[in-house]
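According to TrEMBL, the features are:
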ACT_SITE  SER69  active site, acyl-ester intermediate
ACT_SITE  LYS72  active site, proton acceptor
BINDING   LYS258  substrate binding site
DOMAIN    312-421  domain 'Peptidase S11 D-Ala-D-Ala carboxypeptidase A C-terminal'
Amino acid sequence: MKILNKQIKKIAISGLSASILLPFAIKSNITVQAAEAPEVDAASALVVDFETNQILLDQNADDQRGIASLTKMLVEYILFQEIEAGNLNWDTEVTISDYAYQVSQNYELSNVPLKKGEVYSLEELYQALAIYSANGATVAIAEQIAGSEPAFVDRMRDLVESWGITDYEIYNSTGLSNASLGDDIYPGSTTEDENVMSAKGIATVASHLLKEYPEVLDTSSIPSKVFREGTEDAIQMKNWNWMLKGLLHERPNVDGLKTGTTPFAGANFTGTSMEDGHRIITVVMGAGDGIKNKNQRFDETDKIMDYGFNEWEAATVMEENTVLEDVDPIMVRNGKKDSVEVMSAESLEYLLPSGIEEEDVTWTFEADKKALNQEGGLEAPVKKGQELGTLTFTYEGEDLGYLDGSEHNKVPVVAAESVDRAGFFSVIGTWFSDFFGGLMERF
(Lines of atoms letter the chains of each structure in order from A and count residues from 1; the text may use other names and numbers.)
(Lines give C-alpha, C1' and ligand atoms only; values in the text may rest on other atoms or scores of the structure.)
Protein backbone atom coordinates (compact mmCIF):
# COMPACT_ATOMS: atom_id res chain seq x y z
CA MET A 1 0.00 0.00 0.00
CA LYS A 2 1.40 3.35 -1.01
CA ILE A 3 1.11 6.19 1.51
CA LEU A 4 0.92 9.71 0.10
CA ASN A 5 2.30 12.16 2.64
CA LYS A 6 1.61 15.85 2.78
CA GLN A 7 1.65 18.47 5.52
CA ILE A 8 -1.81 18.82 6.97
CA LYS A 9 -3.49 22.13 7.49
CA LYS A 10 -4.44 22.59 11.15
CA ILE A 11 -7.91 24.02 11.62
CA ALA A 12 -10.03 24.47 14.72
CA ILE A 13 -13.50 23.00 14.44
CA SER A 14 -15.38 25.62 16.38
CA GLY A 15 -17.83 26.86 13.78
CA LEU A 16 -20.25 25.00 11.63
CA SER A 17 -17.87 23.98 8.87
CA ALA A 18 -14.21 23.90 7.89
CA SER A 19 -12.08 22.42 5.12
CA ILE A 20 -9.07 20.25 5.97
CA LEU A 21 -6.47 18.26 4.10
CA LEU A 22 -5.75 14.72 5.25
CA PRO A 23 -3.46 11.98 3.89
CA PHE A 24 -4.94 8.84 2.43
CA ALA A 25 -3.64 5.44 1.35
CA ILE A 26 -3.87 4.20 -2.22
CA LYS A 27 -4.15 0.42 -2.68
CA SER A 28 -1.95 0.49 -5.74
CA ASN A 29 1.58 1.13 -6.90
CA ILE A 30 0.40 2.99 -9.99
CA THR A 31 1.16 6.70 -10.27
CA VAL A 32 0.16 8.12 -13.63
CA GLN A 33 -1.64 11.13 -14.98
CA ALA A 34 -5.39 10.55 -14.67
CA ALA A 35 -6.77 9.71 -18.11
CA GLU A 36 -9.75 11.41 -19.68
CA ALA A 37 -12.81 9.23 -20.04
CA PRO A 38 -12.92 7.84 -23.58
CA GLU A 39 -15.52 8.90 -26.09
CA VAL A 40 -17.68 5.88 -26.76
CA ASP A 41 -19.12 5.21 -30.20
CA ALA A 42 -22.56 4.43 -28.81
CA ALA A 43 -25.66 6.39 -27.91
CA SER A 44 -25.22 5.60 -24.19
CA ALA A 45 -22.44 4.06 -22.13
CA LEU A 46 -21.84 3.37 -18.46
CA VAL A 47 -19.16 1.78 -16.29
CA VAL A 48 -20.02 0.87 -12.70
CA ASP A 49 -17.95 -0.66 -9.91
CA PHE A 50 -19.72 -3.89 -8.98
CA GLU A 51 -18.96 -3.82 -5.26
CA THR A 52 -20.02 -0.24 -4.52
CA ASN A 53 -22.09 0.81 -7.57
CA GLN A 54 -19.81 3.85 -7.94
CA ILE A 55 -20.07 5.25 -11.47
CA LEU A 56 -16.74 5.43 -13.31
CA LEU A 57 -17.97 6.53 -16.74
CA ASP A 58 -21.25 8.09 -17.78
CA GLN A 59 -22.17 8.94 -21.36
CA ASN A 60 -25.86 9.82 -21.70
CA ALA A 61 -26.61 7.11 -19.15
CA ASP A 62 -29.90 8.74 -18.10
CA ASP A 63 -31.35 8.69 -21.61
CA GLN A 64 -34.19 6.25 -22.27
CA ARG A 65 -33.38 3.86 -25.09
CA GLY A 66 -34.63 0.57 -26.48
CA ILE A 67 -33.21 -2.31 -24.44
CA ALA A 68 -34.13 -5.28 -26.66
CA SER A 69 -32.98 -8.60 -25.13
CA LEU A 70 -31.33 -6.89 -22.16
CA THR A 71 -34.91 -7.33 -20.90
CA LYS A 72 -34.15 -11.00 -20.36
CA MET A 73 -31.97 -10.20 -17.33
CA LEU A 74 -35.23 -9.45 -15.52
CA VAL A 75 -36.59 -12.84 -16.58
CA GLU A 76 -33.45 -14.48 -15.20
CA TYR A 77 -33.79 -12.64 -11.89
CA ILE A 78 -37.44 -13.63 -11.43
CA LEU A 79 -36.66 -17.22 -12.42
CA PHE A 80 -33.93 -17.41 -9.77
CA GLN A 81 -36.39 -15.94 -7.26
CA GLU A 82 -38.86 -18.72 -8.01
CA ILE A 83 -36.22 -21.42 -7.67
CA GLU A 84 -34.95 -19.91 -4.42
CA ALA A 85 -38.51 -19.85 -3.05
CA GLY A 86 -38.95 -23.53 -3.93
CA ASN A 87 -41.77 -22.86 -6.39
CA LEU A 88 -39.75 -24.27 -9.29
CA ASN A 89 -36.64 -26.37 -9.83
CA TRP A 90 -34.41 -27.00 -12.80
CA ASP A 91 -36.23 -30.27 -13.54
CA THR A 92 -39.64 -28.61 -13.63
CA GLU A 93 -41.44 -29.69 -16.81
CA VAL A 94 -42.68 -26.88 -19.04
CA THR A 95 -45.29 -27.49 -21.74
CA ILE A 96 -45.03 -25.23 -24.77
CA SER A 97 -48.10 -23.08 -25.48
CA ASP A 98 -49.32 -22.01 -28.91
CA TYR A 99 -47.89 -18.54 -28.31
CA ALA A 100 -44.43 -19.74 -27.23
CA TYR A 101 -44.41 -22.14 -30.19
CA GLN A 102 -45.29 -19.41 -32.70
CA VAL A 103 -42.54 -17.11 -31.37
CA SER A 104 -39.99 -19.95 -31.52
CA GLN A 105 -40.76 -20.59 -35.19
CA ASN A 106 -39.74 -17.10 -36.29
CA TYR A 107 -36.23 -17.71 -37.60
CA GLU A 108 -35.63 -14.02 -38.20
CA LEU A 109 -35.35 -13.86 -34.41
CA SER A 110 -32.93 -15.61 -32.09
CA ASN A 111 -34.58 -18.93 -31.31
CA VAL A 112 -34.33 -22.62 -30.69
CA PRO A 113 -37.24 -24.42 -32.40
CA LEU A 114 -39.80 -25.61 -29.88
CA LYS A 115 -42.58 -28.13 -30.48
CA LYS A 116 -46.17 -27.25 -29.62
CA GLY A 117 -47.33 -29.29 -26.64
CA GLU A 118 -43.85 -30.76 -26.11
CA VAL A 119 -42.43 -30.90 -22.57
CA TYR A 120 -39.05 -29.31 -21.87
CA SER A 121 -37.10 -28.99 -18.64
CA LEU A 122 -36.87 -25.54 -17.12
CA GLU A 123 -33.09 -25.85 -17.18
CA GLU A 124 -32.81 -26.38 -20.92
CA LEU A 125 -35.16 -23.47 -21.61
CA TYR A 126 -33.13 -21.26 -19.29
CA GLN A 127 -29.89 -22.23 -21.01
CA ALA A 128 -31.47 -21.36 -24.37
CA LEU A 129 -32.40 -17.94 -22.96
CA ALA A 130 -29.06 -17.18 -21.29
CA ILE A 131 -26.74 -18.49 -24.01
CA TYR A 132 -28.71 -18.03 -27.23
CA SER A 133 -31.24 -15.37 -26.21
CA ALA A 134 -33.98 -17.70 -27.44
CA ASN A 135 -37.25 -15.78 -27.53
CA GLY A 136 -39.70 -18.69 -27.61
CA ALA A 137 -37.95 -20.24 -24.60
CA THR A 138 -38.21 -16.91 -22.79
CA VAL A 139 -41.96 -16.72 -23.37
CA ALA A 140 -42.34 -20.32 -22.13
CA ILE A 141 -40.50 -19.47 -18.90
CA ALA A 142 -42.61 -16.35 -18.35
CA GLU A 143 -45.83 -18.32 -18.85
CA GLN A 144 -44.66 -21.09 -16.53
CA ILE A 145 -43.97 -18.59 -13.74
CA ALA A 146 -46.95 -16.24 -14.03
CA GLY A 147 -49.53 -18.14 -16.10
CA SER A 148 -49.38 -15.63 -18.95
CA GLU A 149 -46.90 -13.17 -20.39
CA PRO A 150 -48.98 -10.08 -19.43
CA ALA A 151 -49.08 -11.27 -15.82
CA PHE A 152 -45.32 -11.77 -15.96
CA VAL A 153 -44.86 -8.26 -17.38
CA ASP A 154 -46.76 -6.89 -14.38
CA ARG A 155 -44.30 -8.66 -12.12
CA MET A 156 -41.35 -7.26 -14.08
CA ARG A 157 -42.75 -3.76 -13.70
CA ASP A 158 -43.24 -4.19 -9.96
CA LEU A 159 -39.68 -5.47 -9.65
CA VAL A 160 -37.98 -2.56 -11.39
CA GLU A 161 -40.06 -0.07 -9.45
CA SER A 162 -39.03 -1.75 -6.19
CA TRP A 163 -35.43 -0.98 -7.21
CA GLY A 164 -36.24 2.69 -7.75
CA ILE A 165 -36.19 2.49 -11.55
CA THR A 166 -38.82 4.84 -12.97
CA ASP A 167 -37.48 5.58 -16.46
CA TYR A 168 -38.79 2.44 -18.12
CA GLU A 169 -41.49 1.00 -20.35
CA ILE A 170 -41.92 -2.78 -20.36
CA TYR A 171 -44.43 -4.53 -22.62
CA ASN A 172 -43.10 -8.09 -22.98
CA SER A 173 -40.62 -10.58 -21.55
CA THR A 174 -38.36 -10.83 -24.60
CA GLY A 175 -37.51 -7.24 -25.50
CA LEU A 176 -38.85 -7.74 -29.02
CA SER A 177 -40.94 -5.12 -30.73
CA ASN A 178 -44.62 -5.81 -30.19
CA ALA A 179 -44.81 -5.95 -33.99
CA SER A 180 -43.02 -9.33 -33.82
CA LEU A 181 -45.57 -10.83 -31.42
CA GLY A 182 -48.76 -10.81 -33.49
CA ASP A 183 -51.95 -10.52 -31.44
CA ASP A 184 -50.31 -11.68 -28.20
CA ILE A 185 -49.30 -8.28 -26.89
CA TYR A 186 -49.79 -6.61 -23.54
CA PRO A 187 -53.37 -5.27 -23.17
CA GLY A 188 -53.55 -1.60 -24.08
CA SER A 189 -50.19 -1.54 -25.84
CA THR A 190 -49.67 -1.08 -29.57
CA THR A 191 -47.67 -2.89 -32.22
CA GLU A 192 -45.21 0.02 -32.18
CA ASP A 193 -44.34 -0.36 -28.49
CA GLU A 194 -40.99 -1.73 -27.36
CA ASN A 195 -39.25 -2.00 -24.00
CA VAL A 196 -37.12 1.00 -23.01
CA MET A 197 -34.90 1.93 -20.08
CA SER A 198 -31.78 4.00 -19.40
CA ALA A 199 -28.26 2.61 -19.13
CA LYS A 200 -28.41 3.37 -15.40
CA GLY A 201 -31.62 1.38 -15.13
CA ILE A 202 -30.06 -1.56 -16.98
CA ALA A 203 -26.94 -1.40 -14.77
CA THR A 204 -29.22 -1.48 -11.72
CA VAL A 205 -30.88 -4.64 -13.04
CA ALA A 206 -27.48 -6.24 -13.72
CA SER A 207 -26.19 -5.24 -10.29
CA HIS A 208 -29.12 -6.89 -8.50
CA LEU A 209 -28.87 -10.00 -10.65
CA LEU A 210 -25.13 -10.44 -10.08
CA LYS A 211 -25.18 -9.63 -6.37
CA GLU A 212 -28.20 -11.73 -5.44
CA TYR A 213 -27.80 -14.58 -7.93
CA PRO A 214 -24.11 -14.77 -8.93
CA GLU A 215 -24.75 -18.28 -10.26
CA VAL A 216 -26.10 -16.57 -13.37
CA LEU A 217 -22.46 -16.36 -14.48
CA ASP A 218 -22.21 -20.15 -14.58
CA THR A 219 -24.42 -20.11 -17.67
CA SER A 220 -23.79 -16.66 -19.15
CA SER A 221 -20.09 -17.58 -19.45
CA ILE A 222 -20.71 -20.67 -21.61
CA PRO A 223 -19.43 -19.90 -25.15
CA SER A 224 -21.53 -22.56 -26.86
CA LYS A 225 -23.77 -25.50 -26.07
CA VAL A 226 -25.96 -27.94 -27.98
CA PHE A 227 -29.67 -27.60 -27.22
CA ARG A 228 -31.31 -31.00 -26.75
CA GLU A 229 -28.16 -32.83 -27.71
CA GLY A 230 -28.75 -36.34 -29.02
CA THR A 231 -32.28 -35.62 -30.25
CA GLU A 232 -33.67 -34.66 -33.65
CA ASP A 233 -34.18 -31.15 -32.24
CA ALA A 234 -30.49 -30.64 -31.48
CA ILE A 235 -29.17 -27.19 -32.39
CA GLN A 236 -25.83 -25.52 -31.72
CA MET A 237 -26.24 -22.46 -29.52
CA LYS A 238 -23.35 -20.03 -29.90
CA ASN A 239 -23.33 -17.28 -27.28
CA TRP A 240 -24.06 -13.84 -28.72
CA ASN A 241 -21.56 -12.40 -26.23
CA TRP A 242 -18.51 -12.57 -28.49
CA MET A 243 -16.19 -11.42 -25.70
CA LEU A 244 -16.27 -14.86 -24.07
CA LYS A 245 -13.34 -17.26 -24.23
CA GLY A 246 -12.77 -18.72 -27.68
CA LEU A 247 -15.18 -16.39 -29.46
CA LEU A 248 -14.54 -13.71 -32.05
CA HIS A 249 -13.88 -10.79 -29.67
CA GLU A 250 -12.48 -12.72 -26.70
CA ARG A 251 -11.34 -10.69 -23.70
CA PRO A 252 -9.87 -12.62 -20.75
CA ASN A 253 -12.09 -12.71 -17.65
CA VAL A 254 -15.31 -11.58 -19.32
CA ASP A 255 -18.03 -13.91 -18.01
CA GLY A 256 -21.30 -12.18 -18.86
CA LEU A 257 -23.81 -10.89 -19.24
CA LYS A 258 -26.39 -10.12 -21.98
CA THR A 259 -26.65 -8.76 -25.50
CA GLY A 260 -29.71 -7.23 -27.12
CA THR A 261 -30.47 -6.04 -30.65
CA THR A 262 -33.52 -4.73 -32.49
CA PRO A 263 -33.82 -2.16 -35.30
CA PHE A 264 -35.28 0.30 -32.77
CA ALA A 265 -32.68 -0.29 -30.02
CA GLY A 266 -29.62 -0.87 -32.14
CA ALA A 267 -26.88 -3.06 -30.70
CA ASN A 268 -26.73 -3.23 -26.88
CA PHE A 269 -24.48 -5.11 -24.51
CA THR A 270 -24.30 -5.41 -20.74
CA GLY A 271 -20.88 -6.82 -19.92
CA THR A 272 -19.09 -7.83 -16.75
CA SER A 273 -15.56 -8.91 -15.98
CA MET A 274 -13.33 -9.42 -12.96
CA GLU A 275 -9.64 -8.50 -13.09
CA ASP A 276 -7.31 -8.65 -10.08
CA GLY A 277 -10.27 -9.18 -7.76
CA HIS A 278 -12.12 -6.12 -9.06
CA ARG A 279 -15.40 -6.61 -10.94
CA ILE A 280 -17.09 -3.97 -13.07
CA ILE A 281 -20.37 -3.78 -14.95
CA THR A 282 -20.49 -2.08 -18.35
CA VAL A 283 -23.41 -1.01 -20.50
CA VAL A 284 -23.33 0.17 -24.11
CA MET A 285 -26.58 1.01 -25.90
CA GLY A 286 -27.11 1.95 -29.51
CA ALA A 287 -23.61 0.90 -30.61
CA GLY A 288 -24.45 0.70 -34.29
CA ASP A 289 -27.20 -1.50 -35.65
CA GLY A 290 -25.57 -4.86 -34.95
CA ILE A 291 -25.74 -5.81 -38.64
CA LYS A 292 -23.37 -3.60 -40.60
CA ASN A 293 -21.10 -3.16 -37.58
CA LYS A 294 -21.39 -6.38 -35.62
CA ASN A 295 -18.21 -5.79 -33.61
CA GLN A 296 -18.92 -2.22 -32.52
CA ARG A 297 -20.59 -2.96 -29.18
CA PHE A 298 -17.73 -5.27 -28.24
CA ASP A 299 -15.04 -2.84 -29.44
CA GLU A 300 -16.60 -0.10 -27.33
CA THR A 301 -17.03 -2.40 -24.33
CA ASP A 302 -13.36 -3.38 -24.62
CA LYS A 303 -12.46 0.32 -24.57
CA ILE A 304 -14.49 1.17 -21.48
CA MET A 305 -13.38 -1.97 -19.65
CA ASP A 306 -9.77 -0.84 -20.19
CA TYR A 307 -10.73 2.51 -18.75
CA GLY A 308 -12.55 1.04 -15.76
CA PHE A 309 -9.76 -1.34 -14.83
CA ASN A 310 -6.66 0.73 -15.70
CA GLU A 311 -7.55 4.33 -14.95
CA TRP A 312 -9.03 3.99 -11.46
CA GLU A 313 -7.45 3.05 -8.14
CA ALA A 314 -8.98 1.66 -4.98
CA ALA A 315 -8.26 4.02 -2.10
CA THR A 316 -8.77 3.98 1.64
CA VAL A 317 -9.43 7.67 2.03
CA MET A 318 -10.29 7.36 5.72
CA GLU A 319 -9.72 4.59 8.23
CA GLU A 320 -12.10 3.88 11.08
CA ASN A 321 -11.26 5.43 14.48
CA THR A 322 -8.68 7.79 13.01
CA VAL A 323 -8.04 10.56 15.53
CA LEU A 324 -7.87 13.83 13.62
CA GLU A 325 -4.74 15.00 15.41
CA ASP A 326 -4.22 17.97 13.15
CA VAL A 327 -7.64 19.35 13.95
CA ASP A 328 -7.97 21.37 17.15
CA PRO A 329 -9.86 19.51 19.89
CA ILE A 330 -13.36 20.72 20.73
CA MET A 331 -13.70 22.63 23.99
CA VAL A 332 -15.70 20.94 26.78
CA ARG A 333 -17.56 23.00 29.34
CA ASN A 334 -17.86 21.72 32.94
CA GLY A 335 -15.80 18.65 32.18
CA LYS A 336 -12.88 16.99 33.96
CA LYS A 337 -10.98 17.80 30.78
CA ASP A 338 -11.15 21.09 28.95
CA SER A 339 -11.37 19.56 25.49
CA VAL A 340 -11.84 16.35 23.54
CA GLU A 341 -10.25 15.13 20.33
CA VAL A 342 -12.38 14.00 17.43
CA MET A 343 -12.11 10.91 15.26
CA SER A 344 -13.72 9.18 12.30
CA ALA A 345 -16.44 6.69 13.18
CA GLU A 346 -16.12 4.67 9.96
CA SER A 347 -13.67 3.86 7.22
CA LEU A 348 -14.26 5.07 3.68
CA GLU A 349 -13.23 3.20 0.55
CA TYR A 350 -13.38 5.04 -2.76
CA LEU A 351 -12.29 4.57 -6.33
CA LEU A 352 -10.23 7.52 -7.50
CA PRO A 353 -8.76 8.48 -10.87
CA SER A 354 -5.20 7.19 -11.18
CA GLY A 355 -2.47 9.60 -10.16
CA ILE A 356 -4.54 11.71 -7.78
CA GLU A 357 -2.54 13.57 -5.11
CA GLU A 358 -3.38 15.02 -1.68
CA GLU A 359 -3.67 18.55 -3.05
CA ASP A 360 -6.57 17.28 -5.16
CA VAL A 361 -8.45 16.06 -2.08
CA THR A 362 -10.48 18.08 0.41
CA TRP A 363 -12.36 17.07 3.55
CA THR A 364 -15.09 19.41 4.73
CA PHE A 365 -16.34 19.14 8.30
CA GLU A 366 -19.93 20.09 9.02
CA ALA A 367 -20.80 20.17 12.69
CA ASP A 368 -24.13 18.94 14.00
CA LYS A 369 -25.74 22.12 15.32
CA LYS A 370 -27.60 20.12 17.95
CA ALA A 371 -24.37 18.60 19.26
CA LEU A 372 -22.55 21.86 20.07
CA ASN A 373 -23.39 24.77 22.34
CA GLN A 374 -23.55 28.39 21.22
CA GLU A 375 -19.79 28.77 21.64
CA GLY A 376 -19.15 25.82 19.35
CA GLY A 377 -18.14 23.55 22.24
CA LEU A 378 -19.62 20.64 24.16
CA GLU A 379 -21.30 20.31 27.54
CA ALA A 380 -19.99 17.59 29.84
CA PRO A 381 -20.46 14.72 30.17
CA VAL A 382 -19.23 13.64 26.73
CA LYS A 383 -19.36 9.99 25.73
CA LYS A 384 -16.79 8.34 23.49
CA GLY A 385 -18.38 7.87 20.09
CA GLN A 386 -20.80 10.75 20.61
CA GLU A 387 -21.69 12.08 17.17
CA LEU A 388 -20.42 15.57 16.48
CA GLY A 389 -20.83 16.03 12.74
CA THR A 390 -19.79 14.77 9.33
CA LEU A 391 -16.68 14.81 7.15
CA THR A 392 -17.39 15.06 3.42
CA PHE A 393 -14.74 13.88 0.97
CA THR A 394 -14.32 15.55 -2.42
CA TYR A 395 -11.59 15.46 -5.03
CA GLU A 396 -10.51 17.57 -7.97
CA GLY A 397 -12.39 16.49 -11.06
CA GLU A 398 -15.86 15.22 -11.82
CA ASP A 399 -17.33 12.85 -9.26
CA LEU A 400 -20.04 10.89 -11.05
CA GLY A 401 -21.57 9.56 -7.85
CA TYR A 402 -23.36 6.25 -7.39
CA LEU A 403 -25.90 4.28 -9.36
CA ASP A 404 -28.72 4.88 -6.88
CA GLY A 405 -27.95 8.60 -6.60
CA SER A 406 -26.98 8.32 -2.94
CA GLU A 407 -23.93 9.94 -1.36
CA HIS A 408 -21.15 7.66 -0.13
CA ASN A 409 -18.45 10.29 0.40
CA LYS A 410 -19.30 11.10 4.00
CA VAL A 411 -17.85 9.87 7.31
CA PRO A 412 -19.41 10.48 10.74
CA VAL A 413 -17.17 12.37 13.19
CA VAL A 414 -17.37 11.43 16.88
CA ALA A 415 -15.71 12.17 20.20
CA ALA A 416 -12.47 10.19 20.54
CA GLU A 417 -12.88 9.69 24.30
CA SER A 418 -15.30 10.19 27.16
CA VAL A 419 -15.14 13.28 29.35
CA ASP A 420 -16.91 13.06 32.71
CA ARG A 421 -18.64 16.03 34.25
CA ALA A 422 -16.47 17.92 36.73
CA GLY A 423 -17.22 17.95 40.48
CA PHE A 424 -19.78 20.26 42.06
CA PHE A 425 -17.33 22.91 43.25
CA SER A 426 -15.55 22.99 39.92
CA VAL A 427 -18.85 23.50 38.11
CA ILE A 428 -19.86 26.26 40.57
CA GLY A 429 -16.48 27.88 40.05
CA THR A 430 -16.98 27.85 36.31
CA TRP A 431 -20.44 29.35 36.73
CA PHE A 432 -19.13 32.21 38.91
CA SER A 433 -16.26 32.80 36.50
CA ASP A 434 -18.65 33.02 33.56
CA PHE A 435 -21.10 35.19 35.52
CA PHE A 436 -18.61 37.77 36.75
CA GLY A 437 -16.78 37.64 33.45
CA GLY A 438 -20.03 38.59 31.78
CA LEU A 439 -20.55 41.46 34.20
CA MET A 440 -17.07 42.80 33.56
CA GLU A 441 -17.75 42.84 29.83
CA ARG A 442 -20.72 45.16 30.45
CA PHE A 443 -18.61 47.82 32.18
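Backbone N, Cα and C atoms are what each Cβ position is placed from, and that goes for glycine too.
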Alpha-carbon spacing, the residue listed as 'active site, acyl-ester intermediate' to the residue listed as 'substrate binding site', which is rounded to whole Å: 7
Secondary structure tally of the domain 'Peptidase S11 D-Ala-D-Ala carboxypeptidase A C-terminal' (312-421) (DSSP, helix then strand then coil): 3 helix, 54 strand, 53 coil
Euclidean distance between Cα atoms of LYS72 (active site, proton acceptor) and the residue listed as 'substrate binding site', Å: 8
Per-residue Cβ crowding (10 Å cut-off), top of recorded positions LYS72, LYS258: LYS258
